[in-house]
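Visitor: Could you have a look at this structure, given as structure tokens, before my questions?
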């Protein structure tokens, strides 16, 4: 039975890791809006050309362009047995457009899967990340610190905190997520399509919780 999933969750919730595991377990494509944009732009599709013209002018790509890209992607053969949408929909307008498109095809989303993680937990998780600028090795000052304080275990370079991981930046991203996504969460809750998973668990436990929701008979 096909399984169609919308994946929701704040930055730092581990969506990418879980998306990969879900895709493998259920043999469905992991569809991210970033990948769709890059593919359309690199292949110079009409939608890609239109999107690029907005981006080149420093403008936001209109919802309709994004929606049409997603519609095209969902009609490809590898989506016949379901798919995992990551990064779409971002707004209630996009969710309604997706609903209308699926209704026309006599289909619907099976679940909107929310990986829920408290803000304090994400702040600790993201602001503690460190990376080696020389070899790319990743660390965490609490959960996976380098053996020698501040030095990469592999090459000895000083590890750094990326700009994206500073407390100010993380808080800004979380505020944007909250303001943008709460109406979307309410939308799926009202449609009784929302499933919530505790994202503070260990990675394998989060995945086990997801499988219980989706059914693990694949």
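Quick reminder: no glycine exception, Cβ is built from N, Cα and C everywhere.
If you look up Swiss-Prot, you'll see 12, 13, 14, 15, 16, 17, 129, 138, 139, 201 marked as ATP binding site. The AMP binding site annotation in Swiss-Prot covers 33, 38, 59, 60, 61, 87, 88, 89, 90, 94, 162, 173, and the record cites sequence analysis as its basis. Here Swiss-Prot flags 132, 135, 152, 155 as Zn(2+) binding site. The region 'NMP' annotation in Swiss-Prot covers 32-61. The feature region 'LID' is assigned by Swiss-Prot to 128-165.
So where do these features actually land, and what's packed around them?
Guide: In the structure as shown, the Cβ atom of residue 12 (ATP binding site) sits within 10 Å of 22 other Cβ atoms. The DSSP secondary structure for residue 12 (ATP binding site) is coil.
In this view, residue 90 (AMP binding site) is surrounded by 16 other Cβ atoms within 10 Å of its Cβ, with every protein chain counted. DSSP assigns residue 90 (AMP binding site) to coil in the three-state reduction, outside any helix or strand.
Note on residue 132 (Zn(2+) binding site): other Cβ atoms within 10 Å of its Cβ, all shown chains, come to 20.
With a cut-off of 8 Å between Cβ atoms, the residues of this chain six or more beyond the region 'NMP' (32-61) that come close are 19, 68-70, 72-73, 86-88, 90.
Sequence-distant neighbours of the region 'LID' (128-165) (same chain, 6+ residues past either end, Cβ-Cβ under 8 Å): none.
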Visitor: To which of the binding-site residues 129, 162 does the lowest count of other Cβ atoms within 10 Å belong?
Guide: 162
Visitor: How many helix, strand and coil residues does the region 'LID' (128-165) contain under DSSP?
Guide: 3 helix, 10 strand, 25 coil
Visitor: Within the same chain, and leaving aside 132, 135, 152, 155, name every residue whose CB is within 8 angstroms of the centroid of the CB atoms belonging to the recorded Zn(2+) site, in sequence order.
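Guide: Apart from the listed residues, the neighbours are 133, 134, 136, 137, 153, 154, 156, 157, 159.
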Visitor: Rank the binding-site residues 61, 135, 152 by how many other Cβ atoms lie within 10 Å of each Cβ and give me the one with the fewest.
Guide: 135
Visitor: Rank the binding-site residues 88, 139 by how many other Cβ atoms lie within 10 Å of each Cβ and give me the one with the fewest.
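Guide: Least crowded of the binding-site residues 88, 139, by Cβ count within 10 Å, is 139.
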Visitor: Quick check for the class: what is the C-alpha distance, in angstrom and rounded, between residue 139 (ATP binding site) and residue 90 (AMP binding site)?
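Guide: Just about 30 Å between their Cα atoms.
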